[in-house]
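Chemist: OK, TrEMBL features for this one:
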- Cys79, Cys84, His161, His166: Zn(2+) binding site (BINDING)
- 186-213: transmembrane segment (TRANSMEM)
Amino acid sequence: MSFLFSSRSSKTFKPKKNIPEGSHQYELLKHAEATLGSGNLRQAVMLPEGEDLNEWIAVNTVDFFNQINMLYGTITEFCTEASCPVMSAGPRYEYHWADGTNIKKPIKCSAPKYIDYLMTWVQDQLDDETLFPSKIGVPFPKNFMSVAKTILKRLFRVYAHIYHQHFDSVMQLQEEAHLNTSFKHFIFFVQVSWALLTSVCFDLDLLGLVALIRAMSYLYM
């Protein structure tokens, strides 16, 4: 949600993904923004009564892409080939990139390169009308939930990298409140929408963010 961020956060890493005005998904986004604006994050992630779960997942996935896009955009000057030669979340864990299409075998790369690959890949998924249909009456594909889960798991890695490698820079920029609110929103959404957190709990343990997640969201286990 754009109102979570200050004017300093207007820089984005990739072009913002817009939901067409006048569409039902745009109305869902405005509903979510209004609820989130009330300060009740748990309520903001609940599926509105009578709405389609796939459409709700799609709207929020686009929104988290935009949020992370803005968050990472604020610290790109600190995340460089020299400062982050590998995509890591702490000294013991690193990620190698593969998308299964253009890069089938995982490759080791710098954090900025990895995040560029990741965000470009997510953007391509969101722009694919066969995966994320924006027109009323066009059905979501059978593999939509699987694709959305993969997108959110990969977006989580950007949060993890920012927290582990760049939180000092985030604090210097006085953006920690925006980062924390966005991450808390993300975790609440994942908890409520799926048992997705269960399937990635080992990743979360390895990344050392479980304590943070529990503190921020009172993780239901």
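Cβ atoms are placed via backbone N, Cα and C, with glycine included.
Predicted automatically and left uncurated, TrEMBL annotations should be read as such.
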Chemist: Does anything in the same chain, at least 6 positions from Cys79 (Zn(2+) binding site), have a Cβ under 8 Å from its Cβ, and if so what?
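Modeler: Within the chain, Cys79 (Zn(2+) binding site) has Cβ neighbours under 8 Å at Tyr72, Ala111, Pro112, Ile115, His161, Gln165, His166.
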Chemist: Using Cβ-Cβ distances, find the residues under 8 Å from Cys84 (Zn(2+) binding site) that belong to the same chain and are at least 6 apart in sequence, listing them in sequence order.
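Modeler: Cys84 (Zn(2+) binding site) has long-range Cβ partners Ser110, Ala111, Pro112, His161, Gln165.
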Chemist: Report, as a single number, how many Cβ atoms besides its own are within 10 Å of the Cβ of His161 (Zn(2+) binding site).
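Modeler: Counting Cβ neighbours of His161 (Zn(2+) binding site) within 10 Å gives 24.
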Chemist: Taking the recorded Zn(2+) site as Cys79, Cys84, His161, His166, identify the other residues of that chain whose CB atom sits within 8 Å of the mean position of the site's CB atoms, giving them in sequence order.
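Modeler: The answer, listed by sequence position, is Ile75, Phe78, Ser83, Ala111, Pro112, Ile115, Ile162, Gln165.
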